[in-house]
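Student: Let me begin by handing over the structure; questions about it come next.
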Amino acid sequence: MAEIELKTAPADFRFPTTNQTRHCFTRYIEFHRCVAAKGEESNECERFAKYYRSLCPGEWIERWEEQRENGSFPGPL
């Protein structure tokens, strides 16, 4: 039987509390900024994708994707 290894984003000194909302949002923005700078095919951005996917609830990600498509995303991309 193969061993499954679960990982999450590493600790980040900018987010010292247990509330990870801002950490999640920041990682989401970092991923999209990376993709904008390096392109969709860049593997360098994948770590940010892993981080935000492990920190953010799926409902938030879905809503943010819709907002990005509509041009109403509240964050700086």
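In case you wondered, yes, glycine gets a Cβ from its N, Cα and C as well.
TrEMBL labels come from automatic prediction, so no person has curated them.
Taken from TrEMBL, the feature disulfide bond applies to Cys24-Cys56, Cys34-Cys45.
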Student: Return only the integer: C-alpha distance in Å from Cys24 (disulfide bond) to Cys45 (disulfide bond).
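Tutor: That separation, Cα to Cα, works out to 15 Å.
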Student: Show which residues of the chain containing Cys45 (disulfide bond), separated from it by at least 6 in sequence, have their CB under 8 Å from its CB.
Tutor: Phe31, Cys34, Val35, Lys38
Student: Would you pick out, from the disulfide-bonded residues Cys24, Cys56, the residue whose Cβ has the largest number of other Cβ atoms within 10 Å?
Tutor: Cys24
Student: Near the Cβ of Cys34 (disulfide bond), how many other Cβ atoms are there if near means within 10 Å?
Tutor: 17
